[in-house]
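J.: If you scroll down you'll find the structure; I have some questions about it.
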Amino acid sequence: MTALPRYAVFGNPVAHSKSPQIHQQFALQEGVDIEYERICADIGGFAQAVSTFFETGGCGANVTVPFKQEAFHLADEHSERALAAGAVNTLIPLKNGKLRGDNTDGIGLTNDITQVKNIAIEGKTILLLGAGGAVRGVIPVLKEHRPARIVIANRTRAKAEELAQLFGIEAVPMADVNGGFDIIINGTSGGLNGQIPDIPPDIFQNCALAYDMVYGCAAKPFLDFARQSGAKKTADGLGMLVGQAAASYALWRGFTPDIRPVIEYMKAL
């Protein structure tokens, strides 16, 4: 009996990850059987865990917090997106035994916004809240969609300035943000605990979409605040999660899943 193709997500913690359910839905669409597991790597033991996984027949891996930067350094080759992001969330084994690193977070976000939420990014003004790895990972792909303007706001201005210079966008201190944004995306680490960034409510008055990169209960405080402050549409990061997973799956298997039914399936769980 042939062993099933094996995939995994590496993180710490990782028990909460929804990646196994998502990838099993993709496999159903493709009409194949796969194995997809969660691997909690020790801090300091990530490289060894990845090496063991691929040496024992692993066919592809996702990488989540806190290992995305380490995965970048572990990869032998990088996609342009991964190079721009300085982080890797997808590892692809090559025939020569090397590992290629890619970053599908940006595609996950933009596909959810443009294809599922049906909101164009081209020509729009975008405000990014936060300047950590999650935000850095999506800027290169947002720029490919040719928005009129991207502004990054962060509690510590220096970090926002650093990203602004790197990507040729604008930076403002969180307290100085004022209105006129079509799309507002929350990527602050406070979002994970349901903390709302320190921003004035009037910035949401002409906002077509307020988006939180986290999903579920953690996104609720920010999205409620955005809705009450005038945002026309709000969305949590579930679609981004499914979208980045679909892009990873396509890199491993050459099959591009339809994310819409999988987003609906995950919402119903």
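One-based numbering along the chain as shown.
Cβ atoms are placed via backbone N, Cα and C, with glycine included.
This is the feature table in Swiss-Prot:
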BINDING   S17, K18, S19, T64, N89, D105, Y215  shikimate binding site
ACT_SITE  K68  active site, proton acceptor
BINDING   E80, G130, A131, G132, G133, A134, N154, R155, T156, R157, A158, K159, M213, G237  NADP(+) binding site
J.: Whole-number Å distance between the CA of A131 (NADP(+) binding site) and the CA of D105 (shikimate binding site)?
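T.: The Cα atom of A131 (NADP(+) binding site) is 15 Å away from the Cα atom of D105 (shikimate binding site).
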J.: Other Cβ atoms within 10 Å is the metric here; tell me which of the binding-site residues S17, N154, T156 scores highest.
T.: N154
J.: Does DSSP put S19 (shikimate binding site) in a helix, in a strand, or in coil?
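T.: Helix, per DSSP.
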J.: Nearest to Y215 (shikimate binding site) by Cα distance: which of the recorded positions K68, G133, N154, T156, A158 is it?
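T.: Result for Y215 (shikimate binding site): the nearest of the recorded positions is G133.
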J.: What other residues of this chain sit with their CB within 8 A of the center of the CB atoms of S17, K18, S19, T64, N89, D105, Y215, the recorded shikimate site?
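T.: Other same-chain residues with Cβ inside the cutoff are V9, N62, L241, Q244, A245.
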J.: Would you count the other CB atoms within 10 A of the CB of M213 (NADP(+) binding site), including those on all shown protein chains?
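T.: The answer is 27 other Cβ atoms.
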J.: Under a three-state reduction of DSSP output, how is T156 (NADP(+) binding site) classified: helix, strand, or coil?
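T.: Where T156 (NADP(+) binding site) sits, the three-state DSSP reduction gives coil.
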J.: Does T64 (shikimate binding site) have same-chain partners at least 6 apart in sequence with Cβ under 8 Å from its own Cβ, and which are they?
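T.: Once residues fewer than 6 apart are set aside, T64 (shikimate binding site) is near V9, F10, G11, V14, S17, S19, N89.
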J.: Please tell me which one of the binding-site residues listed here (E80, G133, T156, A158, M213) sits closest to the residue listed as 'active site, proton acceptor', measuring Cα to Cα?
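T.: Result for the residue listed as 'active site, proton acceptor': the nearest of the binding-site residues is G133.
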J.: Looking at NADP(+) and its recorded binding residues E80, G130, A131, G132, G133, A134, N154, R155, T156, R157, A158, K159, M213, G237, figure out the farthest C-alpha pair and report it in angstrom, whole number.
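T.: Between the most distant Cα atoms of the NADP(+) site, 29 Å.
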J.: Are there residues of the same chain, six or more positions away from G133 (NADP(+) binding site), whose CB falls under 8 angstroms from its CB, and which are they?
T.: K68, Q69, G86, A87
J.: In angstrom units, rounded to an integer, how far apart are the Cα atoms of K18 (shikimate binding site) and M213 (NADP(+) binding site)?
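T.: Answer for this pair: 15 Å between alpha carbons.
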